[in-house]
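Read through the structure below, which is laid out as structure tokens, and then see the notes.
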Amino acid sequence: MKVLGIESSCDDCCAAIVENGNTILSNIKLSQKEHKKYYGIVPEIASRLHTEFIMYVCQQAIISAQINISEIDLIAVTSQPGLIGSLIVGVNFAKGLSIALKKPLICIDHILGHLYAPLLNHTIEYPFLSLVLSGGHTILAKQNNFDDIEILGRTLDDACGEAFDKIAKHYKMGFPGGPNIEKLAIDGNQYAFNFPITIFDKKENRYDFSYSGLKTACIHQLEKFKNNNAQITNNNIAASFQRAAFENLIIPIKRAIKDTNIKKLIISGGVASNLYLREKIKNLEIETYYPPIDLCTDNAAMIAGIGYLMYLKYGASSIETNANSRIENYKYTKGVKL
């Protein structure tokens, strides 16, 4: 079964053709450079550019896969969560294509896509622990199956990737923040600044994360530089922030490993491409799996892949399904299964 995947939940306009859930025939992505001067995503600009590009990326996905449009068996599209304007463009285009081609439609949760991404290039036996690290989400979960996912912990404020973007904006390191901070950190001293690490000891929060304190402390350091007319050392700031940001993750992960006795971990989302993080995770001495670098960030291959499995088990979505910026049928809270 050949699945056309469409992903437009934020600023990346993506389309892919995936066969039988794991054979990627094509994977096309257009990133919107227009947001760089704003040091962040401007929703109105994002949705307008999706309108301009979505037909093109779908055409390129079909051409690159060397198939005819009539060979598409299923259309999978991200319908939640994300920027509502961007989601609407993708969902409405997918609906129109579904009607025109008389092909079934399956609407997919963006987080389920990220959770599935490592399975596109790895065969991993369930159960395993999953960590999603992106600009919008920081979630630690236990996966018993592709559709049986128990949330153990989540960020209580900023997402990990969001914190990287905000620090990069304040220090004018460029956008997106993650890759730029990682690059600057290479030539920095990670112990130059002792930024705080937030760990929760209460039972109900033992797997949770927080980045607001770290973000605030890092921004306050910038004010200290200015007040003292001191030279701003972006390399040291980047290295110290990056170290603290990832140490924030380690203790909740260690707790989950101990409590569940699961020795396998998959990590996905844009932040998963960070090489410093991967070195830190190696110290856990457990089986760890990542998607290829191009599948860490938003992409349509992961949507097509999980869409195939969801369709086989649950059938097609209603053509009346609408885009949702947030989740209506469940919340990202501890103990809730997706």
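Using the three backbone atoms N, Cα and C, a Cβ is placed for every residue, glycine included.
Per Swiss-Prot, the candidate among ASP294, ASP298 that belongs to the Fe cation site alongside HIS110, HIS114 is ASP298. Record note: Swiss-Prot gives VAL132, LEU133, SER134, GLY135, GLY136, GLY178, ASN274 as substrate-binding, and the candidate from ASP147, ASP148, ASP165 in that site is ASP165.
Within 10 Å of the Cβ of HIS114 (Fe cation binding site) there are 31 other Cβ atoms, across all protein chains. Taking CA atoms as the reference points, ASP165 (substrate binding site) and HIS110 (Fe cation binding site) are 20 Å apart. The DSSP secondary structure for LEU133 (substrate binding site) is strand. Cβ packing within 10 Å was compared across the binding-site residues GLY135, GLY136, GLY178, and the lowest neighbour count falls to GLY136.
Geometry remark: HIS110 (Fe cation binding site) versus GLY136 (substrate binding site), CA distance 11 Å. In sequence order, GLY178, GLU182, GLN242, PHE246 are the residues near ASN274 (substrate binding site), counting only same-chain partners six or more apart with C-beta under 8 A.
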